[in-house]
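**Q** First the structure, then my questions, so here it is.
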Amino acid sequence: AAEAGRAPEPPDGGWGWVVLFGAFVSIGFAYAFPKGLAIFFKEIQDFFGTSYSEIAWVSSIMLATTYGAGPISSILVNRYGSRPVVMFGGLLCGVGMISAAFCTSILQLYICVGFITGFGLALNLQPSVIIVGKYFLKRRPIANGLAMAGSPVMLCTLAPLNQFLFDNFGWRGSFLILGAILLNCCVAGALFRPIGPGTAPVKTQVNEEGKDALKGKITEDGPMEKKIEEEEEKDCFEKVNQYLDFSLFKHRGFLIYLIGNVLMFLGFFAPIVFLAPYAKHTGIDEYSAAFLLSILAIVDMVARPATGIIANSRWVRPRIQYFFSFAIAFNGTCHLLCPLASSYTGLIVYSSFFGLAFGMVCAMLFETLMDLVGAARFTSAVGLVTIAECCTILLGPPIGGILIDTFGDYKYMFIKCGAVMVLAGTFLFIMNYYNYRMLAKEEKERKAKEEDLKSLRTENEGKKNWNKDSTQDGPELEPLRENGEGVKKEMNGT
């Protein structure tokens, strides 16, 4: 029974590599698909006669739904496991994109592409990240880096593929084909074999037995309806807290991570969404503009596994939070320097550095969270983080579109994104330094208290032994006892 209730050890290999491949495909579609759709934005904008900010809401709603549905995805994973959730998510993605091929207004695109496909991608992203953490422990940074490399590989493939599909089938035909391609997420989900028997059914059975016993006892002893209601309310809260651990909001490291990431995502996705339109705006042809996304993806593809290997080293892993802060600030610096790249060669250089910085951030995005909260609370932490991030993800690209519409120039959008990300990286670096100092101080105080308790316990034991020895009868203690009695008589007399 003890063995059955214990969580299985991560194998760090074996079937884990097959699971990693499934996560590679699933995460790749979840991250790369919203960026790859930017190829169609200029033509859809002309077709419906909309502005930059209106068309930017398509990818923005999709990204926000992908992140905002994080808690729902976490609850479903805790209830049903990763495999059925990812397969259902793949089915939703296919249905959403096929429905989008028949849309007649931009509002319908918001619903089909933004909400339906975005929710399907959310059901792909969360379970894939969670199951990699269950299959790997020692090699977890490397495994996360390889799984997250699915995004640049898919983006590198989707960018030229989308341009080819548009030239041959138009945006409606392309959406039909892309919907069929997204059904491959169902195949990826089928690879997510559960690592071992879960402990949730056992707990549920025990809780049900306890409830029945409590109800039986109440009917025998007399009316105690108030206590029953209190127990039911407590059980309801415990069930909610079991799926989403709200005590994480008391965790200092989690709050620092949450604030820094919410700020970072205000400028994280907008440069990718507008990179190809910006290149077309400067007079570069369509295929060359799409090739910039491929360059970004190729560099990103190499950067993610390389970052995972570096982050797993014994020098960087204890300081991975600082490394993550540097990657965010480096990403922002690239955007601040982007307006200086006026030629196609300059845009290639910018795309290369942007791909490097973007890959570094994405490779450590979930590893740093797991490093802070631990594997046991990671599922709840991912859900709570993503729903908080969805607001800034939703607003980032439309704000960039408003800046482009207002000033008629893309450079203000890049400057805004760069400044926000540099600020987020600086905040995380300073606050993580403060957090580590406080943790060291708390650890020192805890050890001091333990030593004080040990010394106090030793003194109490010594006093008890002394009192025990002093109360023992024996010829050696008779003179002391007689003197003590004499002193007592004298004191009573006075």
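Heads up, the Cβ atoms here are built off N, Cα and C, so glycines get one too.
Keep in mind that TrEMBL annotations are predicted by a computer and have not been checked by a curator.
Quick paste from TrEMBL:
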COMPBIAS  444-471  compositional bias 'Basic and acidic residues'
COMPBIAS  478-494  compositional bias 'Basic and acidic residues'
DOMAIN    16-436  domain 'Major facilitator superfamily (MFS) profile'
REGION    444-494  region 'Disordered'
TRANSMEM  15-34  transmembrane segment
TRANSMEM  55-76  transmembrane segment
TRANSMEM  88-121  transmembrane segment
TRANSMEM  142-161  transmembrane segment
TRANSMEM  173-192  transmembrane segment
TRANSMEM  254-275  transmembrane segment
TRANSMEM  287-310  transmembrane segment
TRANSMEM  322-342  transmembrane segment
TRANSMEM  348-366  transmembrane segment
TRANSMEM  378-400  transmembrane segment
TRANSMEM  412-434  transmembrane segment
**Q** Quick one: do the transmembrane segment (55-76) and the transmembrane segment (254-275) have at least 3 Cβ pairs under 8 Å, skipping pairs fewer than 6 apart in sequence?
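**A** Result for the transmembrane segment (55-76) with the transmembrane segment (254-275) is yes.
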**Q** Counting only residues 6+ away from its ends, which parts of the chain sit with a Cβ under 8 Å from the transmembrane segment (348-366)?
**A** 31, 129, 133, 141, 144-145, 148-149, 151-152, 261, 264, 268, 271-272, 275, 292-293, 295-305, 307-308, 311, 320, 323-324, 327-328, 330-331, 333-335, 337-338, 341, 382
**Q** Across the domain 'Major facilitator superfamily (MFS) profile' (16-436), what does the mean pLDDT come to, as a whole number?
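**A** Mean pLDDT across the domain 'Major facilitator superfamily (MFS) profile' (16-436) comes out at 80.
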**Q** Sort out the residues at least 6 away from either end of the transmembrane segment (378-400), same chain, that have Cβ-Cβ distances under 8 Å to it, and list them.
**A** 53, 56-57, 59-61, 63-75, 77-78, 122, 126, 129-130, 133, 243-246, 248-249, 254, 257-258, 261-263, 265-271, 273-274, 366, 369-370, 372, 413, 416-417
